[in-house]
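Novice: One structure, as structure tokens, below. Some questions next.
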Amino acid sequence: MPASEAVRLLRPLLARPLVWAVLALVLLSVVYVAPAGRTYILLDDNLDTELAVPYVLVQEGKTLDYRPHTVVPHLLNGLPRNALRPGLQPLVGLMALLPPLPAYLGHELLVRLAGLLGMYVLLRRVGLRGPGQAGICAAVALGWAVLPTYTAYGVSVLGQPWVVWALLQLRAGRQVAAGYAVLIGFAVWSSLVLAGFFVLVAAGLALLIDAWQTQRVAWRAGLGLLVLALSYVVVEYPLMQSVLLNRQFVPHRLEFNYARLAPPGVGAGLVSAVRYFLVGQYHASAFVHVAPLLAAGAAVVWGPEGAVRRQLRRWLISALLVLAAVALFCGFYPLLIGAVQRLVPVLGAFNLTRIHFLTPLAWFGVLVLGLHYLPAGRARWALVLLQLLVGLGMNPEWTLNLRRQLGKLPATEPTYAAFVAPGLLRQIQADIRRQTGQSPAQYRVACLGLPPAVASLNNFYTLDAYLNNYPLAYKHKFRPLIAGELAKSPELGTYFDAWGNRCYLFSAELGKNFRVGALPARTVQHWAFDAAAFRRMGGRYVLSAARLARPEQSGLQLFGQYASPRAYWHLWVYAVK
């Protein structure tokens with residue numbers, strides 16, 4: 001095809017602002033490209049937990065094995081399969097097709113693309129509907145798509161505009177089949193416990209208010225919520241099975257005590273509330289809310305006068321008061337739940353501050369409301385550009401990959417390849433096999449100074465893990481291994497006893513440093529470790545990122561030490577005597 005003909009065919013497509021927004025998103029994603037796994041991805045609460053679980057499920061062929069007796073030997077010596085994420089989620093499916101890193105990066109791009117398209121179609125439906133608004137809609141949608149958020153949770157945050165669009169379409173009786181399909185897709189691609197529950201509650205309240213104001217029940221939208229809820233029941237069947245239908249185990253979350261974990265006092269609650277209001281929460285999306293606040297203020301000052309301005313002021317004040325109330329609730333939640341938990345202990349297992357997963361969309365609602373009432377011109381584009389720069393600038397995954405491309409990645413932020421260190425871990429496995437004849441399935445390991453996910457992603461069987469849900473009985477069984485170290489450090493004792501998602505080997509000398517790099521080298525002088533209890537659980541080796549000065553006092557002996565210039569870790573492997 002001649003070049004001129006190609007240009008002629010592409011010209012109508014390239015005239016659409018949405019196409020340019022999609023191209024911009026793809027171009028911004030180029031910073032993630034790197035050879036041999038040298039891409040940076042979020043470490044805390046992400047690579048140290050969210051990739052290992054789907055990887056292990058795929059390796060064991062148990063992604064959809066929801067039978068009550070099914071266990072996952074790779075984790076916690078046989079973790080019940082139904083304690084883990086559902087197998088229907090797209091990230092798990094991608095893990096079955098691709099290695100972990102390409103699966104994660106492909107999933108991230110798909111999530112952000114879905115977020116961009118969802119925000120665009122919503123804004124073209126409400127907020128910025130005019131014929132000349134497509135460009136600014138596309139720009140706002142791009143700003144939404146680049147927000148810092150944990151894409152391992154799917155479209156829990158970035159996909160919420162699709163839910164709003166679907167419910168609005170159902171309420172109006174338009175594109176009914178598409179609306180139901182979108183709601184089913186959201187349930188498949190999001191997390192019920194993180195965002196889905198709050199989406200259902202917020203949407204239900206909105207429909208009740210709408211019915212009260214209009215004196216008419218939007219039954220199609222109500223049916224849509226029912227479809228969303230039932231879809232979650234199907235997708236989250238492992239959770240329903242283990243907790244509600246067939247109580248397979250008592251979850252460790254029953255011992256959560258947020259009051260012990262949070263700083264005490266009203267002052268700490270106020271500081272936390274202000275942070276929630278101005279920045280948000282990092283799992284959902286932490287970005288300074290300067291653009292929405294400026295847009296709101298500018299619209300009130302320079303927007304239409306008279307009754308329209310008064311109506312706008314009421315809407316903005318109402319929205320900001322709701323957001324302030326949510327921030328106060330989240331900020332003071334540890335104090336509130338601490339008081340309530342004394343009366344109803346089971347409430348500690350639930351984290352109601354996850355309502356903050358709804359606030360990024362609410363803040364963008366404030367931004368769009370301000371843009372809607374501002375006159376067309378540079379001010380609107382400046383606000384959208386500001387939001388885009390804030391979103392990118394506060395997205396650590398994007399900024400650190402940009403720094404990596406420039407050769408300025410901090411030494412404390414390893415790439416995926418350096419963090420997982422497959423060559424190093426393969427050498428350890430090979431040496432154990434050569435000296436003992438044992439395969440990884442025949443022994444168990446635990447990690448000190450590095451996340452157990454590193455071992456899991458290299459096919460070790462671990463006694464430790466970072467999990468949101470596992471049996472309380474296992475937590476109690478694991479505690480004697482580290483009881484001596486917890487006694488040395490009240491902070492670590494509270495961290496494990498009042499929370500315990502990180503079921504790790506602790507050292508009081510290392511504190512909460514769970515990422516001890518090769519440089520500078522660390523040495524633990526005295527490690528109070530119950531090697532006998534470790535051995536009874538099947539443990540044979542401790543993979544330590546810090547050297548033990550006196551391993552024999554811990555009931556261990558040095559098996560070998562391993563280092564590589566391509567690995568973030570210098571590992572000392574200790575065998576139980």
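Positions of Cβ are set from backbone N, Cα and C atoms, glycine also.
TrEMBL annotations: computationally assigned, not manually curated.
Values in this document were obtained by computation on a predicted structure and should not be read as measured data.
Residues or ranges marked as transmembrane segment by TrEMBL: 18-37, 104-123, 135-158, 178-205, 217-235, 282-303, 315-335, 355-374, 381-398.
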Novice: Could you name the stretch, out of 18-37, 355-374, 381-398, with the greatest number of CB pairs under 8 A to the transmembrane segment (178-205)?
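Specialist: Looking only at 18-37, 355-374, 381-398, the most contacts with the transmembrane segment (178-205) come from 355-374.
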Novice: Restricting to CB pairs under 8 Å, which listed stretch, 18-37, 135-158, 282-303, 381-398, is in contact most with the transmembrane segment (355-374)?
Specialist: 282-303
Novice: Let me spell it out: take the transmembrane segment (381-398), skip the flanking residues so only those 6+ beyond its ends count, and list any with a Cβ under 8 Å from a Cβ in it.
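Specialist: For the transmembrane segment (381-398), the list is 28, 31-32, 40-42, 136, 139-140, 142-144, 146-148, 286-288, 290-292, 294-295, 298, 367, 370-371, 374.
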